[in-house]
Amino acid sequence: MIKREISVRQQTCALLQKNLLKKWRLKRESLMEWVSSLLLLLFLYWYPHGHGATDLSSVPTKDLGRVDSFRQSGFMIGYTPVTSMTQQIMEKVAATPFMADKKVLGLLDEENIKELTESHAEIIRVIFSDTFSYHLKFQFDQRIPTSRELRDHNAHCDGLYEDVNCLIAIFWKEGFVALQAAINAAIIETTTNHSVMEELLSVSGKFMKIHPFVRQEGILTDFFIFTCIISFSPITYYVSINVARERKRMKGLMMMMGLRDPAFWLSWGLLYAGFVFIMALSLALVIKSVQFFILTSFMVVFSLFLLYGLSMITLAFLMSALVRKSVLTGLSVFLLTIFWGSLGFTSLYRYLPAPVEWTLSLFSPFAFTLGMAQLLRVDYDLNSNAPPDPASGSNLIIATNFMLVFDAFLYLALMMYFEKVLPNEYGHQHSPLFFLKSSFWLQTRKPAHVILEDGIDPVPSSGDSFEPVSPEFHGKESIRIRNISKEYKGKPNKIEALKDLTLDIYEGQITAVLGHSGAGKSTLLNILSGLSVPTKGSVTIYNNNLSEMADLENILRIAGVCPQANVQFDFLTVRENLRLFAKIRGIPPQDVEKEVQRVLLELEMKNIQNILAQNLSGGQKRKLTFGIAILGDSQIFLLDEPTAGLDPFSRHRVWNLLKERRADRVVLFSTQFMDEADILADRKVFISNGRLKCAGSSLFLKKKWGVGYHLSLQLKEVCVPENITSLVKQHIPAAKLSAEGEGKLLYTLPLETTYRFPELCQSLDSCPGLGIENYGVSMTTLNEVFLKLEGKASIDEPEVDIVGEGQTERSGDTERLMEMEQTLSSLRETEKTDGMALWRQQTCAIAKVRLLKLKHERKTLLSVLLILVVGICPFLFENISTKIRQSSYTWELSPHDYFLAPGQQPQGMLTQLLIINKTEASIDDFIHSVERQNIALEVDASGTRDGTDDPSYNGALIVSGNEKNHSFSFACNTKRLNCFPVLMDILSNGLLGMVKPSARIQTDRSTYLMDETIHPLEDLWKTAFWLILTSACPPYIAMSSVTDYKNRAWFQLRVSGLFPSAYWVGQAMVDIPLYCFVFLFMSLMDYLFRFPDTMFSIISHVIQIPCSVGYAISLIFLTYVISFISRKGKKNSGIWSLSFYIITVFSVAVILLAFDVDGTQYYIIFLIPPSTLVGCLILSLHLFIGQIFEEGQVIEPFLVFLIPFLHVFIFIFTLRCLEWKFGKKTMRKDPIFRISPRNNDVYQNPEEPEDEDEDVQMERMRTANALVSTSFDEKPVIIASCLRKEYAGKQKHCLSKKKAKIATRNVSFCVRKGEILGLLGHNGAGKSTSLKMISGDTKVTAGQVLLKGSREGDTPGFLGYCPQENALWPNLTVKEHLEIFAAVRGLRKSHAAVAITRLADALKLQDQLKSPVKTLSEGVKRKLCFVLSILGNPSILLLDEPSTGLDPEGQQQIWQAIRAIIKNTDRGALLTTHYMAEAEALCDRVAILVSGRLRCIGSIQHLKSKFGKDYLLEMKVKTLEQVEPLNTEILRLFPQASRQERYSSLMAYKLPVEAVQPLSQAFFKLEKVKQTFDLEEYSLSQSTLEQVFLELSKEQELDGLELEELDSSIKWKLLPQEEA
């Protein structure tokens, strides 16, 4: 046994290599990931962010002149309230020079002013609070800035040549300061009788010197930052998708094989950390190249982006642990990025206090935006008056980087915590406080192979239903199961999969778990392998408690698990898959390759080791999954149907491998093949409905529930069965005739009468006149035991007859067969609709399918809902912004916004007020008056300063003149928006304080919004926006056909007789109304938010309604065309939706820009369908405002509105042409598309048949004759002539040629009326390919296929096709499937209901009729597919492994149905199978395919006679020690015996006919051997079909074909007849 040591490092490296291979091989996905990132980089590089440095220092400071130089007109002033004081004040204001010719009106209240506003263009409102307090109210966005204050990143000035314009000048130039000065002077004069009007109106204003500064253009820079925030979104989206998908599909299975959590996350983390590094480096280079950050170094920018990207990767990991669905994971990460990143703009605009900012930095997008804001402030600090503090800025940036690092580790910790605490897909979880337990930190590994001597509860005795365990196994109870129950939540009741199951599994034994479909076998194995958690009960495996997570890890460390679903990565080769899982399982690196080669050799997979897993056949995938399970030579093997889908030869290889590993190990497997359990398992455990029913060895079970031995007699043409029966009963009176068929009798002989066999055989040999050709004796089978157990209410009831394998039938089965025949024959009489009535019925059925699917397509509905929400956003934003604008606000003009108070420490942007005295006299009175306003002053008494040279002050007040007559001027820092109004109040209060110290004038600025009458055309952009947006909906609505194509439902419908046009029209019946609902909803919103009482609005809606309907239909059918063309790829609804949106945006832009060019708009509207509706809207706009159309040309644009309907016809015709050229074969003439069933084209086969068997040559001649036969009655129902199929291969390298993969070569056969032909062969031999060519699913490369209809000259209206893959809709119920296919096949509703009920009763599907398919077991799904294939009584049945996954009872039901449908009718069936008993039970003839060639064909008896003339002696020994002595004895008794390579405990010998003649002597010798060696059982009979199959496959060798060819390793050399 290989010593395994699980290493996180080794697992991480293996998974990282796997991820790199995935990125390399799935180039399309990788390209999309990097193209998205590259587009963002290019966008940032070319984006006009408007961010840069401005240097106006060389421009002279600007003098704004006197304040009373304002001379604008066109407005009037309204004030309120009207009092004597306010009236005096405003009269003085009206008398000022600049107010000449301007009205000043006093009104009672502000409402009166509003009424006055309606009749005047502009009114400036003066609202007095008291005599000294008022606010000036201007119309919004008129005469004053819209913002309260300049932000530190705003461009406060711009310069052109020698002219400098600054935002603060608007107060001066637009009259605010002039009006403020006049009102302030009037207040002073009215209240003090001291006039200062001249002093205030003569004030002049200047700008301080403008230092270089970094500017931004507001929203442009914000959007640039927003793009940086989402720059890692493509990476986080794909990491979310990849991690969530792999976590859901494969992680649990890998954990079951020993994977450690850190290795999984590290492998993806390291890969995407590399991606993040490249992206961060590129982003930093782009940002520095466009000079978005000017003073910040490259490494600082790079580190910020790198840490942000890494934190976003960890955030994606966290969300994948919280949100299980991959799409929702990616969407949630994206939405979180947008939300928290957008919220981070509050830090850029300083809306939040610092503690809140650092708290919100726990969300990395917010922390990143905060970091971007801090880097911007490094540049913006140039704008500040405060001295720069580089250390403070660096510390903040370092702190932000630390927060991003902290976020990454926090997300990782939370991810690991929730990964442990939240139940995974298998139900396992730790306790919420698991990290507080010492066992979590100090794990101690228990001894791996300690077996509990004493269990808590002994296995309950159930009478004689359980065989006592041999004493040698006492103390070897390695798996102890106690009272295990498992419940699943269902509707309406819970489903109990296991019920109080108690069982011991022993070391050194192979144990098989048997039971019907849904009995609980897979549930039990899933619980033992950690894939499911029991509802109650306990399980211990080698002293490890399964319910403890630490113990579960110990169990999985020593277990090899083969789950029911195949385990492989499709993008890896077979060898790469094995290497990966070998490393995961902890095999030392130096032994990995050796172990992989061992598995490849033992399972004979070396020839396919370099083939991608996705290209393997079903059997080869199963073999790979089993190979993964046996890697590392585990102590425990838990195998769930390990040989399902394997051919007999591969199945025997698996059996031998398990038998060789039995010693000192535990092997527990489940199977539906009773023969497999009989041969392989030492102990069989039967489970029924979740309860343990019986357990024991084959001999124990057969003795208790078997029927004894079977005597099989092959008869000559002339015989009397009654005489034979009489002879048999003469020797064995208890013998029963259990079956009588054509040329065959089958008797059941009791077990206790074996001693009479020699006498019976002697009598049979001595009576040649009875007409017996040969005979054989075989033991009862486990199939019979199973059916007997399932047919009894309880084990203790009296025994009843059972069905044996092959063609064994009991009387009860004969009755059921007759009942089945009656049921199916009654259904044959049902009338079917045709023509247009059938088309309408099919259309309604497809519409029903689409509607039922839509109910469960949450992604589609959420996507459409999101588009609706985004479409409503402009209306909502417009309304919100209108409400904001309409709400008046008042901003106080306070000196403390800019200037320090006396004694206050410098902080922020506050400075002292600079007063410069140029009067050469004392102005102490004025200075003291200003100081009384609580302002810190710096006085230049000497007057040496200019006031404009030093912008470190926010403002300066310059006093000039002489001692008696002072004049004043202001110098303002251009970055302080309200500087001039604030200085005017300071000056006014300074002058007022000199006269009346206690008084203070307070001016506020305010705005009001005009009640605008919005022209309807101004709302056009909102309508255009949602119309453009809704053009992105169809890919989310109308691409359901891609899913149907992927799950094969499309072809299943087509082969069932569906008209192509009915499929598309049925889809459209749901998709078009859904799309129209989108238009209706958005039109309603548009109407509600608009002004509907306008002529344009009414007419535009009248135009839009028919145009929108046509547009909706045209886009839906355009999407159908796209989905048909791209049906073989991924659905990609999102990509197509984005494409529609971008195309529409650019088309509309071209229409608007090139409208003056004659005809351009018409070409675009016609050639680009998504832009049609918006284009028509723009045309209607120009039509009704009369801007382009002259009188007499009105009809032409109206014809443009019919373009969508022209598109509808074009796309429907295109769809029809695509169906005709590239669609699958149609079974009926389509009444709408006018597509008829195609004449089968004949393609010459390039190969001539060589070295064919004579039976194959005769079949080829028979097929050729049938092709030219004119007799309808004699024509076979299926004719396959010279079929060849080649698949395009792949190039090994760029210079090599593509080598075709040949699946079938020159295969010819026909199926006659009433015949069932079986196709046999190894995995990948070409069986399924042959069926696909006959059904029309795959186009033949060469050859011809003819299918016979029910009437002469007709093709069959539909085929009964049961494909290898279940072509079902997961969310639809069984009954809905049956109703839909019944409608498609033409059954009337009433007849369909009867047919569904009868078929459900016949095949035991009544309890599952209302269950969704996704909740069904694989066996029930398979049964449903079969029922769908026989529904409507098709004339031809194509059955591809129809009974795979079914229990014996289900197999019997299907076999009976097939026989009832085909036998003695004009129907025919072609069947493929790996189950030889199925072929023997059903097939009239079988054909064996090898490497795509037909090697032999004929009846089963003919093949047995030709290739299996010898007798086969099989003996089952109880211990391996008996093998050699028994072999010696057999060779002594039968010297000509040839031992066959069969199975270690099942000894098989080929005996020539002469060696066993007479048979009586042979049985006499064998009875003696049985008693001497205490054999478990023996069988002497002619070769079965499986034995013939294995005999032929013994002498296989490598074919001369290349490895690319299908099943290239198998070349059969048929034994010549004389050698047989």
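Don't overthink the numbers, they just go from 1 along the chain as shown.
Cβ coordinates are placed from backbone N, Cα and C, and glycine is handled just like the others.
Pulled from Swiss-Prot:
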TRANSMEM  30-50  transmembrane segment
TRANSMEM  223-243  transmembrane segment
TRANSMEM  267-287  transmembrane segment
TRANSMEM  298-318  transmembrane segment
TRANSMEM  326-346  transmembrane segment
TRANSMEM  352-372  transmembrane segment
TRANSMEM  396-416  transmembrane segment
DOMAIN    479-714  domain 'ABC transporter 1'
BINDING   GLY515, HIS516, SER517, GLY518, ALA519, GLY520, LYS521, SER522  ATP 1 binding site
CARBOHYD  ASN723  N-linked glycosylation site
TRANSMEM  860-880  transmembrane segment
TRANSMEM  1023-1043  transmembrane segment
TRANSMEM  1069-1089  transmembrane segment
TRANSMEM  1105-1125  transmembrane segment
TRANSMEM  1164-1184  transmembrane segment
DOMAIN    1283-1516  domain 'ABC transporter 2'
BINDING   GLY1321, HIS1322, ASN1323, GLY1324, ALA1325, GLY1326, LYS1327, SER1328  ATP 2 binding site
Worksheet item: Counting across all protein chains shown, how many other Cβ atoms sit within 10 Å of the Cβ of GLY1326 (ATP 2 binding site)?
Response: 27
Worksheet item: Per the 3+ Cβ pairs under 8 Å rule, pairs at least 6 apart in sequence, do the transmembrane segment (267-287) and the transmembrane segment (30-50) touch?
Response: yes
Worksheet item: In the same chain, which residue numbers or ranges, 6 or more beyond the ends of the transmembrane segment (223-243), come under 8 angstroms Cβ to Cβ?
Response: 22, 29, 33-34, 36-37, 40-41, 43-44, 47, 49, 51, 268, 272, 275-276, 279, 283, 287, 292, 305, 308-309, 312-313, 315-317, 319-320, 326-327, 329-330, 333-334, 337-338, 341-342, 344-345, 348, 365, 368-369, 372
Worksheet item: How does the model score the domain 'ABC transporter 1' (479-714) in terms of mean pLDDT?
Response: 87
Discussion item. According to DSSP, collapsed to three classes, what secondary structure does SER517 (ATP 1 binding site) have?
Written reply: coil
Worksheet, complete the sentence: The answer for the transmembrane segment (298-318), taking Cβ pairs under 8 Å and residues 6+ beyond its ends, is 228, 231-232, 235-236, 239-240, 243, 265, 268-269, 272-273, 276-277, 279-281, 283-285, 287-288, 329-330, 333, 336-337, 364-365, 367-368, 371-372, 375, 397, 400-401, 404-405, 407-409, 411-412, 414-415, 418
Discussion item. Going by DSSP, is GLY1321 (ATP 2 binding site) sitting in a helix, a strand, or coil?
Written reply: strand
Fill in: ASN723 (N-linked glycosylation site), number of other Cβ atoms within 10 Å
13
Worksheet item: Cα-Cα separation of ASN1323 (ATP 2 binding site) and SER522 (ATP 1 binding site), in Å?
Response: 24
Discussion item. Counting Cβ pairs closer than 8 Å, which of 326-346, 1023-1043, 1105-1125 has the most of them with the transmembrane segment (352-372)?
Written reply: 326-346
Worksheet item: Hey, how far is GLY1326 (ATP 2 binding site) from SER517 (ATP 1 binding site), Cα to Cα, in Å?
Response: 29
Worksheet item: Hey, which bits of the same chain come close to the transmembrane segment (1105-1125), Cβ under 8 Å, at least six residues off its ends?
Response: 1031, 1034-1035, 1037-1039, 1041-1042, 1064, 1067-1068, 1071-1072, 1075-1076, 1079, 1083, 1136, 1140, 1169-1170, 1172-1173, 1176, 1201-1205, 1207-1208, 1211-1212, 1214-1215, 1218-1219, 1222
Fill in: Coarse DSSP state, helix versus strand versus coil, of GLY1326 (ATP 2 binding site)
coil
Worksheet item: Could you state the CA-to-CA distance between GLY1324 (ATP 2 binding site) and ALA519 (ATP 1 binding site) to the nearest Å?
Response: 31
Worksheet item: By a Cβ-Cβ criterion of under 8 Å, what residues six or more beyond either terminus of the transmembrane segment (1023-1043) are in contact with it?
Response: 850, 853-854, 857, 859-860, 863-864, 867, 870-872, 874, 1050, 1063, 1067-1068, 1071, 1074-1075, 1078-1079, 1082, 1085-1086, 1115-1116, 1118-1120, 1122-1124, 1126-1127, 1129-1134, 1136-1138, 1140-1141, 1144-1145, 1148, 1170-1171, 1173-1174, 1177-1178
Fill in: Sequence-remote partners of the transmembrane segment (396-416) [C-beta within less than 8 Å, at least six residues beyond its ends]
261, 265, 300, 303-304, 307-308, 310-311, 313-315, 317-318, 320-321, 358, 361-364, 367-368, 370-371, 374-375
Worksheet, complete the sentence: Apart from the site residues GLY515, HIS516, SER517, GLY518, ALA519, GLY520, LYS521, SER522, the 8 Å Cβ neighbourhood of the ATP 1 centroid comprises THR523, ILE687, SER1417, GLY1419, ASP1447
Worksheet item: If you run the three-state DSSP split on ASN723 (N-linked glycosylation site), which class comes out?
Response: helix
Discussion item. According to DSSP, does SER522 (ATP 1 binding site) sit in a helix, a strand, or coil?
Written reply: helix
Worksheet item: Given the binding-site residues GLY515, GLY518, GLY1321, GLY1324, and counting only Cβ atoms in the protein chains shown, which has the most within 10 Å of its Cβ?
Response: GLY1321
